[in-house]
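Going by TrEMBL, these are the annotated features:
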| type | residues | note |
| --- | --- | --- |
| DOMAIN | 5-119 | domain 'Response regulatory' |
| DOMAIN | 152-245 | domain 'HPt' |
| MOD_RES | D53 | 4-aspartylphosphate |
| MOD_RES | H191 | phosphohistidine |
Amino acid sequence: MKSKKVLIVDNNDLNRKLFESLIGQFYSFEAVKNGVEAVQRASKEKFDLILMDIQMPEMDGITASKIIRRQAAHPCPIIAITAYSPESTRKCFLEMGFDDLITKPIRAKEFLAVISAKIHPNKHNDSQLADTNHEDAVLDKKVIHQLLKYTPIETIKSIYVDFLREYDQLICHIDTAFQERNIEVLIENLHTLKGNSGTLGANAIFNLSSDADGKARAQDWDSLEKAIKKLKNERIIFENYLAEETTFST
């Protein structure tokens, strides 16, 4: 029986599924979709650790964490999860009351090492966080091999299928936002695509979505239109690559 329990808080279905798969190998867990649900769940149950996404609808992770800290009968570590940006430094989040920070894209080994260090603080853990190198390869096989150490292959396959399904939805939202010149929605959806692709080792998509995100923030509409077309083309390339990828053969 797994004695430690983790509360996973993330509004993105793909992230949640991946976190559940990784964490479920070692700990029991509950999962919710936003800060409001997190506050409600934390007030009723005892958790050994809370994994808190920062950008969520209804209530963001920072607000939710502050409320949980105030009302918690059983305090526990809260780890922030966010996509990297100049403001997203570990020191900043520690000053806001978080116990640690995990930046997206995550890597399975480092992700689990941070969680283990907080749940089992007396155990020595000399894992070093590896630098992520997003080369232009379609898919980073090191990411798949690392996931396979902690996650059944059928689960990994389904996660990549979900990724493609969500990719189509995100591109649809991006197209609409581009036509409407809605910067906020553009950045939000590109941010999601960038985080998911990075976590799954889809390096070309990660690089293209990062580039498109920069162009959206600069409101460089002509360049952004070209970047969106590249993202659409890369989606086809990525699906074809997965169909031929022998790592997934059973």
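In case you wondered, yes, glycine gets a Cβ from its N, Cα and C as well.
Remember, TrEMBL labels are computer predictions, not curated facts.
Around D53 (4-aspartylphosphate), the C-beta neighbours below 8 angstroms that are at least 6 residues distant in the chain are V9, D10, N11, N12, N15, G61, I81, T82. Classification of D53 (4-aspartylphosphate) by DSSP places it within a strand. Residue counts for the domain 'HPt' (152-245) under DSSP (helix as H, G, I; strand as E, B; rest coil) come to 84 helix, 0 strand, 10 coil.
Residues belonging to the domain 'HPt' (152-245) score a mean pLDDT of 94 in the model. Taking a C-beta cut-off of under 8 Å and a sequence gap of six or more, the residue listed as 'phosphohistidine' has these contacts in its own chain: Q55, A83, D213. Sorting each residue of the domain 'Response regulatory' (5-119) by its DSSP state yields 51 helix, 26 strand, 38 coil.
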